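Let me begin by presenting the structure, written as C-alpha cells, before commenting on it.
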Amino acid sequence: MSRKALIAGNWKMFKTGSQAVATAKKLAQLVENMDDRDIMIAPTLLSLPLVSQNLEGTPVKTGAQNLFHEKEGAFTGEVSAEMIKAAGADYVIIGHSERRQYFHETDNGISKKIKAAFDARLTPILCIGETHEEKKEEKTFYVLDKQIRNGLKGFRSADELSGLVIAYEPVWAIGTGNVATPEDVETTHQYVRSLIMEIFGKDLANATRILYGGSVKPDNVSVLMSMQNIDGALVGGASLDADTFIKIIKFD
Ligand SMILES: O=C(CO)COP(=O)(O)O
C-alpha cells in the first residue's frame, strides 16, 4: 500500500444519538494520535451533527451515508451536501449497494451525487461491486466498468475528481462473513485503477484510494492491507463496537 490508508466505519441504520455519541467518544479515546492513517465513521444523519461535535479536535472524522444532489428545495425527506458539510462531516458514502438495492439508486443519480459532494467540499466514497449472480456469470469487471464509467460521467478532467475515494464492496461479501480473498481483491483493485488511468490519466489513478468492504474483521484486515492496491477498508458490522473497530484501525 503506497497511499495513506483510510479506515471508514459505515454504521448503516444502527444506534440512537446517545449510543452513537458514546461509541464515537470511546473510539476517539482509543485512537489517541494516529497520523499515518485516516479514520472516519458514518453514523445516521440524525446523529451526525452530535457525533461530529463530540469528535472535534480528534483524528476521527465523520461522514454521511448518502445525500441528495440538489442544493435545496421542495424535496421532502432529503438532505443536501451543504447541510451535511455544515453538520461537521468531511466524507459522504455514495452509491452503497444497499441504496442501489432498496432505494433503486442508478449510476446516473450517483454521478449527480458525486458532483454535489465535490461542490460542497465533501470527499465522496463511491461504492461499486458485483452481486453473487454477476460473479457466478463472470461479469465482475463488466459491472465495475459500467458503475465507474457511468458513476463518473459528467466529469471531464482528473482535477475535478481530486480526492475521490472508491470502495469496492462485492455484494455477496457484505454482512455475510464471506470475505473475498486478498488476491482476488488485489486483482480487482488493479483493474479499477487501470480503468481510472484509461479514463482520467495516471496521476488520478495513482492518487485515488481504493478501499475494500465486505466482512472486514480484526483477523483479516492485516493481510488485506498488505496488498499493494488496497488502500483501506469500509467496515460495516465490525465498526459498531469501538473495541473491535480499533483493532481494525490499528492493523499492522
Ligand atoms: O457494507 C459494508 C460497509 O459499507 C460492509 O459491511 P460488513 O462489514 O458488515 O460486511
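Placement of Cβ uses the backbone N, Cα and C atoms for every residue, glycine included.
Feature annotations, courtesy of TrEMBL:
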ACT_SITE  H96  active site, electrophile
ACT_SITE  E169  active site, proton acceptor
BINDING   N10, W11, K12, G175, S215, G236, G237  substrate binding site
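Checking the binding-site residues N10, K12, S215, G237 against ligand 1 with a 6 Å cutoff on the Cβ atom leaves N10, S215, G237, in sequence order.
Just so you know, of the recorded positions K12, H96, the Cβ with the fewest other Cβ atoms around it within 10 Å is the one at K12.
Fewest Cβ neighbours within 10 Å among the binding-site residues G175, G237: that distinction goes to G175. The Cβ neighbour count for S215 (substrate binding site), using a 10 Å radius and every protein chain shown, is 21. All protein chains included, E169 (active site, proton acceptor) registers 26 other Cβ atoms within 10 Å of its own Cβ. Here W11 (substrate binding site) comes close to A20, I41, A42, P43, T44, Q65, S239, L240: these same-chain residues lie at least six apart in sequence, with C-beta atoms under 8 angstroms from its C-beta. Taking each of the binding-site residues N10, G236 in turn and counting other Cβ atoms within 10 Å of its Cβ gives the largest count for N10. Annotation note: H96 (active site, electrophile) sits in a coil segment as assigned by DSSP. Binding of substrate is attributed in the record to N10, W11, K12, G175, S215, G236, G237, and the widest Cα separation among these residues amounts to 14 Å. G237 (substrate binding site) falls within a helix when secondary structure is assigned with DSSP.
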